[in-house]
Amino acid sequence: MLIRVTEAQPVANPSNISSAKPLRLVVLASGFGSLLQSMLEMLDTAKVEIVAVGSDKDCPALERAQKLQIPTFKVPFDAEAKKDRTGWDLRFLEAVSAYSPDMIVSAGFMRILGESFVEAFKDRIINTHPALLPSFPGAHAVLDALDYGVKVTGTTVHVVDTGVDTGPILAQEPVVVERDDTVETLHERIKVVERRLLVDVLHSIADRGMDRDGRKAYLK
Ligand code: GAR
């Protein structure tokens, strides 16, 4: 993997540059896990290896991984975490770091990652979002797009920064909104595109790396 960061000083993960080893991926998910499933089915394991799946709660995504004997971890976002968010961030960072990932993929992980976590894995976390950012950030992107009445929405894969869905965009694809769409029908059509796009992006990063120049990110 080659992640070259122009402008920002350090080259992320220098030890893995030009390495023939597969990219070590930790996947974060909080829900159904269909994105995780598509990664498990479609990723070329010679290029990208899912070394662990983590969550903030029990969810079908974790069960999918457990069935395939992929290591999982859970750092529950419980009442204590609500009182001490910094403590939760630290525990989550420790849990992820234990797997020494090259990259982290937020694939339906419905919690904002803390600043300390994002800084610790700077330019090595990507997120997939069910809208064409910067339109409709946040947890209700599909509903918000439908309510607004846009005719085209889509999906975005971006580098995670400390904002909510604000990081540099790596790839986007459109999806046409139909007149009789519901949140469910539209989200499912977006997910079909999203699953393939995420896998394409990961293969591309494993093959050639990515570049970031300030606000702009590029697949090489
Ligand atoms: C995906 O559409 C993903 O983009 C979205 O949750 C869905 C997860 O689907 N994430 C967000 O909305 C984050 N803001 P899945 O559980 O079937 O993989």
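For all residues, glycine too, the Cβ spot is worked out from N, Cα and C.
Heads up, TrEMBL stuff is auto-annotated, nobody curated it.
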(message) For the (6R)-10-formyltetrahydrofolate site that TrEMBL describes with Met110, Arg111, Ile112, Leu113, Asn127, which of these is also annotated: Arg64, Arg85?
(response) Arg85
(request) Grab the pLDDT values for the domain 'Formyl transferase N-terminal' (24-202) and give me their mean, rounded. (result) 97
(request) Whole-number Å only: compute the distance from the Cα of Leu113 ((6R)-10-formyltetrahydrofolate binding site) to the Cα of His129 (active site, proton donor). (result) 14
(message) Restricting to the record's (6R)-10-formyltetrahydrofolate-binding residues (Arg85, Met110, Arg111, Ile112, Leu113, Asn127), give me the longest CA-CA distance in Å as a whole number.
(response) 21
(request) Could you check which of the recorded positions Arg85, Arg111, Ile112, Leu113, His129 have their CB within less than 6 A of ligand 1? (result) His129
